[in-house]
Amino acid sequence: LDLQKEYQRYRTQKGYLDKDVNEISFILDKENESGLITLDGTRSLSNKEVKANIELVHSQIRAKELKKTSLDSEISGLQEKLSSKEKELALLAEEINILSPLVKKGISPYTNFLNKKQAYIKVKSEINDIESSITLKKDDIELVVNDIEALNNELRLSLSKIISKNLQELEVVNSTLKVIEKQINEEDIYSPVDGVIYKINKSATTHGGVIQAADLLFEIKPKVRTMLADVKILPKYRDQIYVDEAVKLDVQSIIQPKIKSYNATIDNISPDSYEENTGGTIQRYYKVIIAFDVNEDDLRWLKPGMTVDASVITGKHSIMEYLLSPLMKGVDKAFSEPVNTKRLDTP
């Protein structure tokens with residue numbers, strides 16, 4: 001349960017990181033004709049901190065753009081004024097050129113010529129001042145443009161760092177998820193046959209419960225026609241049975257005195273022995289799984305818990321009395337000597 005919660009937590013974290021990377025990448029890709037990051041896509045941005053930062057930088061850039069617009073307007077006004085002064089200067093220059101020979105001939109008074117000369121110098125000075133103002137304002141515009149680019153680049157760098165950090169976290173999260181998924185898959189329990197759960201071991205559903213070796217997790221009533229049964233044999237008889245060896249089963253009903261025989265085979269023999277306490281005596285045994293096929297009618301009356309007597313084709317093995325159960329649940333039966341003559345006679 002804790003592992004599942006941990007898995008879901010990392011899955012949720014992965015979802016947030018993936019979404020964050022995709023949304024921020026979209027914002028970085030969306031820029032206006034000036035190459036500036038826009039507010040397009042920020043409304044649906046999940047990361048509120050990033051959204052607030054983008055909006056703050058955008059407001060700063062907007063203020064700089066307004067300042068640039070104001071400077072452009074001032075320059076435009078100065079240029080119009082400059083144009084007017086240049087025309088005025090040209091007229092004064094023309095008047096001076098006309099008055100100069102007239103003054104020399106005594107036709108025009110010198111004071112008039114002098115006034116025009118002073119007016120020319122004044123307008124020339126005003127033109128120089130206007131040109132200086134235009135130059136200064138152009139320098140201010142260049143600084144504002146540089147500030148805008150710096151703010152935009154700083155924002156772009158900040159967003160890129162967030163993406164890089166998220167990608168690094170995603171790599172760790174994905175690696176962790178793979179480990180957890182592997183652990184979850186290893187904890188999955190698979191039934192050897194398809195069926196319906198018939199009974200559940202309480203320890204398997206209790207938090208902190210312990211399942212001992214060879215204990216049942218649950219019992220299943222199979223839907224398939226191949227039945228599996230579990231048999232216990234003494235270690236001293238282990239060398240007398242073999243996988244795929246033919247077995248004859250006599251199934252006895254729990255309620256009715258009904259016995260039916262089936263042809264079966266030994267499907268598996270446990271590599272290790274188990275131990276159980278029988279009447280205060282510790283006894284070891286090997287677990288043998290026997291498989292046999294039944295027809296549709298037999299599925300209706302066969303039930304977990306039926307007693308079965310198993311006989312090897314070459315001789316009677318009454319040591320193989322066990323419960324028929326798809327859960328491979330054995331019963332305590334008395335063990336007797338085997339009479340498998342073919343195996344016993346082999347040197």
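For all residues, glycine too, the Cβ spot is worked out from N, Cα and C.
On a predicted model such as this, the values are computed, not experimentally measured, just so you know.
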Among ranges 68-95, 180-207, whichever one TrEMBL labels coiled coil: 68-95
Residues of the domain 'AprE-like beta-barrel' (227-315) by DSSP state, where helix covers H, G and I: 12 helix, 51 strand, 26 coil
Local confidence of the domain 'AprE-like beta-barrel' (227-315) - pLDDT mean: 80
